[in-house]
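Working notes, beginning with the structure itself.
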Amino acid sequence: MSHYDLILRNGNVVCPDGVRKADIAVSDGKIVLIAEEIPGDAKEVIDAAGKHVFPGITDGHVHFNDPGRTEWETISTGSSALAAGGGVAYFDMPLNCSPCTLDAVNFNNKLAVAQKDSLVDYGFWGGLTSANLDKLDELAECGVIGFKAFACHSGIDEFPRMDDYTALVGMEKLAKLGLPLMVHCENAEITKELTELSLANNRTGVRDYFAARPPITEIENVSRMITFAEETGCKLIIAHISTAKAVDLVAQARARGVDVYCETIGHYLYLTGDDVERLGTVAKCSPPIRDGENQLQMWGRLFNDNIAFVSSDHSPCDPKLKNGEFMRVWGGISACQTTLQGLLTHAYHDRKFPLVKIAQLTAQHVNEIFKIKGKGQINLGYDADFALVDLNHEFTLQAEDLFYKHKVSPYVGDRFRGSVSQTILRGTTIYKDGKIVSQPIGKHLRPHQ
């Protein structure tokens with residue numbers, strides 16, 4: 001009789017304290033032994049020789065648009081794409097599904113879809129808007145991992161921005177609930193006026209868009225949100241931080257004891273404004289991609305541990321919504337399949353960024369911050385979530401490689417070094433050699449209180 005359900009043998013295992021060659025034994029979906037050599041047999045044995053075994057990534061920021069906007073993306077296609085990139089879990093945003101996740105009814109509607117269709121594990125953000133302050137308690141009871149708010153227009157009329165009163169009262173409530181708030185930080189008045197002025201003068205190109213959302217709009221708003229968090233005691237996460245100066249504000253606040261973190265997104269590390277001019281609307285996002293000097297500074301902040309985690313901000317749409325003048329088209333980038341490969345290429349190979357830190361940025365920290373118990377690292381008692389990686393395999397991303405509903409991404413045609421050959425969720429292989437090999441087995445993740 002097999003002693004274990006699964007043994008991974010001979011892998012280079014990316015543990016929290018370093019990379020070491022080891023075997024990993026799994027029973028009942030959990031890691032039960034990590035040793036240089038594990039004797040005996042198992043129901044399944046995987047030879048990971050020559051591979052690096054990473055903890056499966058958790059993407060803290062995706063828009064899978066389900067239910068209600070399934071012509072853009074679905075939980076089925078989005079979670080499959082995530083698995084193909086080494087992903088085992090995601091936290092889905094309260095928009096751009098329709099209706100938005102602003103109360104228990106719509107939370108449960110989304111949960112029902114995920115229970116049926118999600119290949120990987122999932123958590124859900126609740127929304128905080130000026131219209132649903134009375135719904136925060138019921139969303140907390142549903143098990144949201146936190147709340148998301150926009151300081152500027154969200155792009156979705158049914159998800160109104162958080163004004164200052166909502167910020168104050170909402171953060172006071174969330175502090176009592178013990179749940180974090182993530183804020184999209186851009187100054188509403190400045191972005192609105194600059195955008196309207198640009199459109200009135202028929203300035204609708206790439207650089208016009210950048211000029212309408214300059215760095216100060218993020219920097220100023222990050223400073224203000226930190227002040228609200230400091231006064232209320234609410235845990236704050238700055239979403240998709242794009243400027244090094246804003247990262248510095250977060251680091252300074254943390255140094256004085258404020259419970260604040262920031263996430264960044266791959267495109268702020270890999271792309272510059274020049275790339276956006278070349279790529280066009282497929283690379284439009286908000287906040288916009290910045291210049292090369294800021295990008296270099298962002299890498300410095302990553303090396304200095306001032307950025308807590310890296311997500312994809314996967315925000316697809318119907319490709320028709322990307323047709324037209326840059327200023328007017330939908331802003332959002334499809335990227336959840338390439339987060340780990342991007343970091344292996346641009347961080348590890350190009351900049352000698354440690355593999356352990358990549359695992360922290362994509363798996364460990366996000367689960368710790370959101371209090372997801374037993375997930376995010378290769379350690380005893382944790383979920384047996386693994387991404388098997390060939391560090392030196394080079395490939396050019398093709399549209400047909402993508403599992404998204406629409407085979408669109410600014411990274412199509414890019415050369416990557418470091419590929420995912422197999423993804424394992426709680427001991428079950430869900431992706432292998434370019435194919436999804438499992439039925440949906442995702443489970444709902446709730447914060448551990």
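Think of each number as a place in line: the chain as shown, counted from 1.
Cβ coordinates come from backbone N, Cα and C, glycine included.
Going by what Swiss-Prot states, the Zn(2+) 1 site holds H61, H63, D313, and the candidate of K148, K235, K405, K407 recorded there is K148.
Neighbour density for H240 (Zn(2+) 2 binding site): within 10 A of its CB lie 22 other CB atoms from the protein chains shown. The Zn(2+) 1 site is defined by H61, H63, K148, D313, and by the 8 Å test on Cβ atoms against their centroid, the other residues of the chain that qualify are V62, M93, W125, A239, H240, S311, H314, S315. Summary: among the binding-site residues (H63, K148), the fewest other C-beta atoms within 10 A of the C-beta are counted at H63. Separating the Cα atoms of K148 (Zn(2+) 1 binding site) and H184 (Zn(2+) 2 binding site) is a whole-number distance of 8 Å. Within the same chain, residues at least six positions away from H184 (Zn(2+) 2 binding site) with a Cβ under 8 Å of its Cβ are K148, A149, F150, A151, C152, S154, A239, H240, S286.
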